[in-house]
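Chemist: Sharing a structure below in structure tokens format, with a few things to ask.
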Amino acid sequence: MPVFKAPFNGYSVKFSPFYESRLAVATAQNFGILGNGRIHVLELAPGAPGVTESVSYDTADAVYDVCWSESHDSVLIAAIGDGSVKIYDTALPPPSNPIRSFQEHAREVQSVDYNPTRRDSFLTSSWDDTVKLWAMDRPASVRTFKEHAYCVYQAVWNPKHGDVFASASGDCTLRIWDVREPGSTMIIPAHDFEILSCDWNKYDDCILATSSVDKTVKVWDVRSYRVPLAVLNGHGYAVRKVKFSPHRRSLIASCSYDMSVCLWDYMVEDALVGRYDHHTEFAVGIDMSVLVEGLMASTGWDELVYVWQQGMDPRAS
């Protein structure tokens, strides 16, 4: 399976929604504590195990997350450790990038998510305890959402409702928001420890998953959220990212500081259906391809990016 070695520690990996062979990777020097960052755009070789870098962009601070535009196939957005949000166009020569840079967050930007239904806006979340809404044609953020009492590690759009998003915070709450409303519409005390990630089910717009420092992944139904639908135990340390499959309703991927990537089917009794122990440092980034069913990617502090098919060994050549 394809493996890419980056010079810095991996933080995030995202498949392109337009090209099945293209990925973007966010990396940071010195584990994101101090130093530069780099964004890599990778291409999978058709019918071969190789992966090549088509372009890279250096940043003066760590890159914690990256996402692709849902409306322009060459555009990606990066969340930077200096509080900035930068937009890149891979169709332009590297010296022309970034094409835009926004400096509004007061602390590190932890996540960025492009609206999959409206296709003209995106969210960022930050260690400054806020979530910001941005429009591609605006010179500044459209709105700032300030309710969380601690770092907002991730904010993600609902896949079916273009005005609804969820945010996961170190204040131990999961919040549901509608951008048409003045405040959050729902507050779920989802874990007793910091919540590091959240994601919506791609087939049921009322179901979402959270992951936490408490080593669990939990599945929630916003129509009845006093008790989780499922609690998934199996990781040995904090669960850094959680991601619902775009192809199978009940399939969830997660990655952890225990260096593993796990696959779960939350609707069956023995929920842990796959475990991959290919990373040798914290596994912190995971994605599943929308265009190729079963294709997964992960990255971690071991500076490696793996791309593999579910059920295969990520390290197999």
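Here the Cβ of each residue, glycine as well, is placed from N, Cα and C on the backbone.
Look at Swiss-Prot and you will find 58-98 tagged as repeat 'WD 1'. What Swiss-Prot records for 104-144 is repeat 'WD 2'. Annotation comment: Swiss-Prot describes 147-187 as repeat 'WD 3'. Sequence annotations record features per position, and here Swiss-Prot assigns repeat 'WD 4' to 190-230. What Swiss-Prot lists as repeat 'WD 5' is 234-274. Under the heading repeat 'WD 6', Swiss-Prot lists 278-317.
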Chemist: Within the same chain, where does the repeat 'WD 6' (278-317) have neighbours whose Cβ lies under 8 angstroms from its own Cβ atoms, ignoring anything closer than 6 residues to its ends? I mean 6 or more beyond.
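Modeler: Residues packing against the repeat 'WD 6' (278-317) from afar: 1-17, 19-20, 23, 25-27, 31, 40, 42, 44, 49, 51, 240-241, 243, 245-247, 253-261, 263.
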Chemist: Please spell out the DSSP helix, strand and coil residue counts for the repeat 'WD 1' (58-98).
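Modeler: Looking at the repeat 'WD 1' (58-98) with DSSP, the answer is 3 helix, 20 strand, 18 coil.
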Chemist: Give residue numbers and ranges for long-range contacts of the repeat 'WD 4' (190-230): same chain, 6 or more residues beyond its ends, CB-CB under 8 A.
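Modeler: For the repeat 'WD 4' (190-230), the nonlocal Cβ contacts are 150-151, 153-154, 156-161, 164, 166-174, 176, 236-246, 249, 252, 254, 256, 264, 266-267, 271.
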